[in-house]
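Peer 1: Dropping a structure here in structure tokens format, bear with me for questions.
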């Protein structure tokens, strides 16, 4: 069964699958969708990550903790987790959203991750939901340092590779679509130690490169 595969990827087995099904349902696909779950999951995620950072960095000030949390809970990071779980294969979208490639859109992917966090909370309680967030984020949290939250993904990737005496990444524009005022850039990022080619998407070349670098970092720092 498809949902069995997804639950293995998530590392959590639902007692009530209805919660998971609702978390996977976008508002374009019906009335019983994941919007309310996303609202709740956002709060649980912020608390879980805030708690982990508070305990991990006893000397960090409020500003540093806030910046690190913002880095970890932002849309791009959640979308990377969603792709790792392959959520695009399991989400239920309306016909229009499906046709426009909604299953690839970062906002939809990130909302789905937050909805799943809420679904776990409803299924098993707060302690389990927090533990699950910590499990998903354990490698990202291990790499996090107070000053790093202010650095962009390209800088962090460069420093990660330099610190291990590895060659720097190469970026290349794959294509540019749209009119001058509304363009979408696709950029590849390659590093020597990984065979995989990472594709970043953004409204500018810089944003696309940052997106690709973020994906590489996630690959390097998650199991």
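Even glycines carry a Cβ here, placed using N, Cα and C.
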Peer 1: Kindly point out which candidate in 38, 55, 172, 179 is recorded by Swiss-Prot as part of the Mg(2+) site with 111, 114.
Peer 2: 38
Peer 1: Give me the CA-CA distance between residue 111 (Mg(2+) binding site) and residue 42 (active site), in Å, as a whole number.
Peer 2: 8
Peer 1: Starting from the Cβ centroid of 38, 111, 114, the recorded Mg(2+) site, name every other residue in that chain with its Cβ within 8 Å, sequence order please.
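Peer 2: Checked against the 8 Å cutoff, the neighbours are 34, 35, 37, 39, 41, 42, 110, 112, 113, 115, 118.
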Peer 1: Counting by DSSP, what is the helix, strand and coil composition of the domain 'DRBM' (152-222)?
Peer 2: 28 helix, 20 strand, 23 coil
Peer 1: Restricting to the domain 'RNase III' (3-125), what is the model's mean pLDDT?
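Peer 2: A mean pLDDT of 91 is what the predicted model shows over the domain 'RNase III' (3-125).
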